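**Q** Can you read through this structure? Questions will come right after.
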Ligand code: HEM
């Protein structure tokens, strides 16, 4: 039994390596050609997609072996769901790749998938048993369809990002360059989160606090990274550990906020170092990668991904969700924060489609919208789970 | 209203921009355009034609996509505000919202409460927004679908040269169409599933026209869904009731008008067990502690056969046994019973011993059913216990010197006993509550000694009847069909025509121009027909 779990972990690890290797192959595929010929799929591109597919199959292997080990589809906690989302993102990338054969998408999509897998693996990885509400076939149907839809929508973000990197003028400083840097910084901050969590986990840092919780009762909480902010009226119980600089009010989860602050700070340090070393904005740094990109085509890929992903998301995130909610919670809709954010995501993409079809929002505007859509998806995936607790809260 | 007759002879409705038949521009504005706006095929839309009366203005307001987008965006923003703090529904139900938000979230909470965001999704203005989206959906669809239908149905194969020139993909070249070359193109177009129509030296290849109806179909689906959601507030369509039922009890199921009864045989909560359940869960169970595996009510469903006889006693006939679990409701007739909640270990009966304080000798025991206590318990041999006062939810002594009870539920039972013994045939008075005995009228020789308690579980079931579900399902299904139709297919057209010794080629798609270009190139390449070029950008 635990052999299977071991295998499953190894397969996930293997897929991580494959995606990394594939990224470099795709990088090779987009090198500018001397004779200035049109960019098309070359040997590097073929290698890249082959390795990416092997990685994807390996990740499928992870998924099914873990399923076999636990008896339920591994989409029931944060680690499993985010990992599954990364798999869907790669799957969507592979489909779109065969439609348009654009290696440059791989150069951006695969690193994003890598960051997401790394992020996921910071959460408890043990196989958890299902509480009664989750014991349903609809768990698998609903969650996998949502993740598939979001994976496809994420490709529109990737294409939009490529579009922006290519078209934004890096010779001057303006709103566009600022927000593009914000996106870059956010990605770096996730890496910061991984770095901080790993460092303190390895060093075994633990500090216990006693505090007064929302209901006015005394409770205990163990911080695994030094507390910059502490819980409400906190008292450090472990000797020789870092005292928080300030305490948070009771309704804020100080532990999670603290982790977020650390990640943002570590991200800022990493980002600052990059800027210092290269003396360039990150947008400018990666701009050469997209030199040969056809922007019209990128625009279309971005739109197309939304057209493909929107119905899938609707089916999984709203329709299947409602069917399941009716069965498990007696009502198909209950304004739970997670439900509301699924609705917001859906409304946002509906607005996008209308703006594009009827108001002619193409090109840059459309690319920014694709980016914002992804931010909303990530917000629902991360913040709503961690910050706004509701019925869906995994943590 | 005046119809517009085109040079080609076709009579168009008032307000038409591009002739439905040949495509000639009928307005000056359209004649000046560099590229035709093909979104609605230049058809006459009411909203673009009339703007005089109030009705026109309202119609135009709601048919505007700009307004529609604003409504969607406002709904989106409003919805997100509702997730900042928990909604009224999710706060503990023993506190009042008025104080809860301020106490828990400070000033921000107070503002949230004052502005009514704590119950946002039931507020008039939020429901108003949704209703406005509904109205907008109906009007904007009506405004466009009929004209669009006419235009697409009436289109002629031979389009006017000005129409072709103003398509985004267009080219012209001197020469004549060789029938052999044209056959090759037709062959390829057919293999790509184009429908081909021909007239006198003109060709129209078209595919995926049905995808143009996608948005209208999905909007119809949405409207049906909204209607379904509205109907649940009509009498009889929707039941939402709770049934708290104790183990062993048989109760009428609320909402069934006395037709159905349920007996709760047993309610169980089962936790995962590190030893018995699969070993893979061990780590997680260690980390998080107890995890519930199952909530279950074993129940029997009965039907009252005497329901239609007025005044008759219920005659319960068993319908079926059922195990009700989360995710596995009991369904019968149009109802469903869901495992919702529970209350564990409610006190059911208490046992006392009548004992002599001095000798500790028991004269006998009484077992008191807390829901139905008897007045007198005769223990024989001259021993008797009378209950002169029962306070199921004892809450201290009131200012009048009488014990008080908070509720009729036995949460904290207390008794005023009269203990009768051969020594005291008139009885001694004792007040007995949990962990407390008082002797209000003087010292007694006997006492009531607590011996034990019987408890049982209460299961809380949600009773639901929802006759609107099929409407919602239908709306959802139609919506899905519509979006898929509009998103996974495109409407593509290719016109080829010979005009005065020149070959004209034009093409149009409603989306995905790149795909269209690739397809057309592969169709035309290697023939003498020129490949149309993108005139935009
Ligand atoms: C939540 C609400 C809505 C949803 C989910 C929705 C969904 C859609 C979708 C998926 C499309 C197809 C877009 C595409 O294929 O690119 C569409 C098209 C359209 N929608 Fe909506 N819609 C909504 C509300 C509205 C409203 C309120 C209006 C009113 C102004 C409206 C007007 C239109 C129009 C005019 C089209 C284009 C039709 C065409 O070009 O043939 N929609 N809608």
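Placement of Cβ uses the backbone N, Cα and C atoms for every residue, glycine included.
Just so you know, TrEMBL annotations never went through curation; they're auto-generated.
So TrEMBL lists the following for this protein:
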{"type": "DOMAIN", "residues": "A:76-199", "note": "domain 'Cytochrome c assembly protein'"}
{"type": "DOMAIN", "residues": "A:268-392", "note": "domain 'Cytochrome c assembly protein'"}
{"type": "TRANSMEM", "residues": "A:12-32", "note": "transmembrane segment"}
{"type": "TRANSMEM", "residues": "A:44-65", "note": "transmembrane segment"}
{"type": "TRANSMEM", "residues": "A:77-98", "note": "transmembrane segment"}
{"type": "TRANSMEM", "residues": "A:105-123", "note": "transmembrane segment"}
{"type": "TRANSMEM", "residues": "A:143-165", "note": "transmembrane segment"}
{"type": "TRANSMEM", "residues": "A:177-196", "note": "transmembrane segment"}
{"type": "TRANSMEM", "residues": "A:259-277", "note": "transmembrane segment"}
{"type": "TRANSMEM", "residues": "A:306-328", "note": "transmembrane segment"}
{"type": "TRANSMEM", "residues": "A:340-357", "note": "transmembrane segment"}
{"type": "TRANSMEM", "residues": "A:369-391", "note": "transmembrane segment"}
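How buried are the listed features, and what sits near them?
**A** Outside the transmembrane segment (A:12-32), and at least 6 residues removed from its termini, the chain residues within Cβ reach (under 8 Å) are 39, 41-42, 44-45, 47-49, 51-52, 54-56, 58-59, 62, 83, 90, 103-104, 106-107, 110-111, 113-114, 117-118, 289-292.
Tertiary proximity for the transmembrane segment (A:44-65) is limited to same-chain residues at least six positions away from its ends with a CB under 8 Å from its CB atoms, namely 4-5, 7-9, 11-12, 14-19, 21-23, 25-26, 28-29, 31, 73-74, 83-84, 86-87, 90-91, 93-94, 97, 101, 103, 106, 110.
Sequence-distant contacts of the transmembrane segment (A:105-123), counting only residues of its own chain at least 6 positions beyond either end whose CB sits under 8 Å from a CB of the stretch, comprise 12, 15-16, 19-20, 22-23, 25-27, 29-30, 48-49, 52, 77-79, 82-83, 85-86, 89-90, 93, 96-97, 154-155, 158-159, 161-162, 187, 190-191, 193-194, 197-198, 289, 301.
Long-range contacts of the transmembrane segment (A:259-277) within its own chain (CB-CB distance under 8 A, at least 6 residues past either end) are made by residues 184-186, 188-193, 195-197, 225, 228-229, 285.
Note on the transmembrane segment (A:306-328): residues 92, 133, 136, 138-139, 141-153, 155-156, 334, 339, 342-343, 345-346, 349-350, 352-353, 370, 373 of its chain, located 6 or more positions outside it, place their CB under 8 angstroms from a CB of the stretch.
Here the transmembrane segment (A:340-357) has Cβ contacts under 8 Å with residues 146, 153, 303, 306-307, 309-310, 313-314, 317-318, 321, 365-366, 369-370, 372-373, 376-377, 379-380, 384 of the same chain, all six or more residues outside its ends.
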